[in-house]
Amino acid sequence: MLKTHTCGELRASDAGKAVTLSGWVNRRRDHGGLIFLDLRDRFGITQVTISDDSELDLPNAANPSNGSGNSSSCTQAHEVASQVRSEFVVRVNGSVQKRPEGFENPELDTGEIEVIASELEILSEARTPPFVISGSQGDEVDEAVRLKYRYLDLRRPKLAENMRLRHEIVRFIRNYFYERDFLEVETPILLKSTPEGARDFVVPSRIHAGRFYALPQSPQQMKQLLMIAGFERYFQIARCFRDEDLRADRQPEFTQLDLEMSFVEAADIMALIEEMLIKLSAKISDKPVQQTPFPVMSYDEAMAKYGIDRPDIRFGLQLFEVTDLVRNSQFGVFKNAVAAGGIVKGVLFPQGADLSRKEIDGLIEYVKPYGAKGLAWIGLTGEAAADGTYPAESLRSPIIKFLGKEEIAGIVSASDARRGDLILLVADEEGVTNPALANLRLEIGARTDLISSDLLAFCWVVDFPLLEYDRDEDRWGAIHHPFTSARDEDWSILEQRPADVKAKAYDIVLNGWEIGGGSIRIHRSDQQMRMFQRLGLSESEVDEQFGHMLEAFQYGAPPHGGIAMGIERVVALFADAQSIREVMAFPKTATGTDLLLEAPSLVEDEQLAELHIAVREQEESAK
RNA sequence: GGGGGCGUGGUGUAGCGGUUAGCAUGUCGGCCUGUCAAGCCGGAGGUCGCGGGUUCAAAUCCCGUCGCUCCCGCCA
């Protein structure tokens, strides 16, 4: 080894020891005759002190080097030290010395000591890095630069810590399932494409001209087949691939904790994961879990109160509905929306009645990307009259002239507004109103500092609809995936009232992020066949795409179910990262490119020929 | 597929129709034996992403394009 100790472990009790350290120069402080190097390795930082005069400071017994005298070796070390620059890789021989009284650095774990160098060797020189490695200045650097030099970005303390945290989390998860008799099984990366779900990444076959493998969107079918194989408890930290457009919390390849169990019900899977998350939180985070057992909310309740199936329950500001109140309103916006089958819901901006027009316009703009045409708003600037209605001077609103006194009183009552609050209303179809208000609620929460960054608010969302109607394709599609079982009592209405069928599915949500989801699966081939037919697949399509599953179900399939959790999202939440790129070693850009490797890239014509692939002219030249 | 934001020395930024393109940091040189974001002195470093247009004059206004990013659609 080129080191006897790490740069993070020496303490006052090591004083007098002869040591060799190796690492990167975090920073150099050159005082002329005295040079300080902060030497950094993965484990910490140690101050190395190099003097050009051995007469001073150096304890006699300290110098470990053999024949060479203190004076000359220190001069050598000093000469080298004056050439050294940031991020040089060096090796130091020296002795550990307790720092003089008053010169300790409490910021460093090793701050009680310093290593007095007797020899210094440059193992590797370094160009000046494109951004500062030490400290946190690198956080501000343009992400394109950081991604191009990812190996330097990962050297920065923040990313290095994120990777360490990720390692700890994955290690904890693995141990948790090892201890509970789960079998870790690797499933193939080269699988078969299916039209359900996300777009597949596809891999051409050389041996079979014109045929393609698909990378797994998740190991869903494989893990169910493992249940049929009788493994009972399977898990895997699995890489998944989805060829869809990216977001801060979505990358084309990502990692899931994937697990499946036989002879279980939804409550068993939920209890298992809940215990894991509680223990994981306690182990790796200082933040308290807001509520245990985790609250369980139905999908309908989540949509009603939060407008979204992944509610952030760290704060209140629940949505309220006034559809019935304004059904016959004089205000056309409300009346027409309801008449067209829409809903009218709202959210409160606490103490927002005095917001400027500009600020309110800002809220309206905020809501537009979600399809809302606008926001109706009522500021409660005064008190109600004796009869419970609100006189005009108690309100600030462009729409009160269209609303009846009872309507206003009803809206105020439904919103639970107090004096000084601002009521914000959206009238539109459900698919617009809910997302618009859900996101507006988050925006208000952020603006009013209601969202604590020091809480872990887990919750379960259950009783999802099994199916959803796809207008474009004029058919019903699976919300989760086609293997999810309906609730027992709902199988009877699968064909007649598909919209009312609820699934045996559950999502786990943390601080408004969906971190995982799963379901109890169908394990009978007749039910699975019914499901495929409900999804509009013909018998031949089913046979072609899922015949293997149906066949497998005929050889003794145990009841089973499971869950998958997004590792990056979990780590990002624990790391307080805004994007999962911050917790991945080598992430891709928002357009799916790798700026370090410059992928995707063109390949040789011979390679294409081998794969029986011809690239269309115009698309090739467009690149 | 659509919309928004950003792009100025290595990095972070100011400037937003006429400036020798400012500042900080880094970097290079000098001084310096107790610093730990060391300090002091001095220097170098910029096709203002790229292309086109408007104008007497463009970093600045307009159009296009590329890159990064956020969001909608898409995606569990």
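Even glycines carry a Cβ here, placed using N, Cα and C.
Quick caveat, the model's predicted, so the values are computed rather than measured.
Annotation source TrEMBL lists L-aspartate binding site at A:E196, A:R242, A:H480, A:R521. A:E196 (L-aspartate binding site) carries neither a helix nor a strand DSSP state and counts as coil. Cβ-based neighbour count (10 Å, all protein chains) for A:E196 (L-aspartate binding site) stands at 16.
According to TrEMBL, the feature ATP binding site maps to A:R242, A:D243, A:E244, A:Q251, A:E514, A:G566, A:I567, A:E568, A:R569. All chains included, 20 other C-beta atoms sit within 10 angstroms of the C-beta of A:R242 (L-aspartate binding site).
Residues annotated as compositional bias 'Low complexity' in TrEMBL: A:59-73.
Averaged across the domain 'Aminoacyl-transfer RNA synthetases class-II family profile' (A:163-587), pLDDT for the predicted model comes to 95. According to TrEMBL, the domain 'Aminoacyl-transfer RNA synthetases class-II family profile' annotation covers A:163-587.
Per TrEMBL, the feature region 'Disordered' maps to A:55-77.
As annotated by TrEMBL, region 'Aspartate' applies to A:220-223. Counting same-chain residues at least six beyond the ends of the region 'Aspartate' (A:220-223), those with a Cβ under 8 angstroms from any Cβ of the stretch are 187-188, 191, 234, 236, 258-260, 481, 483, 548-549, 562.
Here TrEMBL flags A:H31 (among others) as site 'Important for tRNA non-discrimination'. For A:H31 (site 'Important for tRNA non-discrimination'), the number of other Cβ atoms no farther than 10 Å from its own Cβ, over all displayed protein chains, is 8.
The secondary structure of A:G102 (site 'Important for tRNA non-discrimination'), as reduced to three states from DSSP, is coil rather than helix or strand. Around the Cβ of A:G102 (site 'Important for tRNA non-discrimination'), the number of neighbouring Cβ atoms within 10 Å comes to 5. Sequence annotations record features per position, and here TrEMBL assigns site 'Important for tRNA non-discrimination' to A:G102 (among others).
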Could you check what DSSP calls A:R569 (ATP binding site) once collapsed to helix, strand or coil? helix
Taking Cα atoms as reference points, which of the recorded positions A:H31, A:G102, A:R242, A:R521 is nearest to A:E514 (ATP binding site)? A:R242
Pairwise CA distance, A:E196 (L-aspartate binding site) versus A:E244 (ATP binding site), rounded so that it is a whole Å: 13
Set of same-chain residues at least 6 away whose C-beta sits under 8 angstroms from A:R521 (L-aspartate binding site): A:Q224, A:F483, A:T484, A:S485, A:H560, A:G561, A:G562
Work out, from DSSP, the number of helix, strand and coil residues along the region 'Aspartate' (A:220-223). 4 helix, 0 strand, 0 coil
If you measure from the CA of A:R242 (L-aspartate binding site) out to 10 Å, which recorded positions from the list A:H31, A:G102, A:I567, A:R569 are inside that radius? none
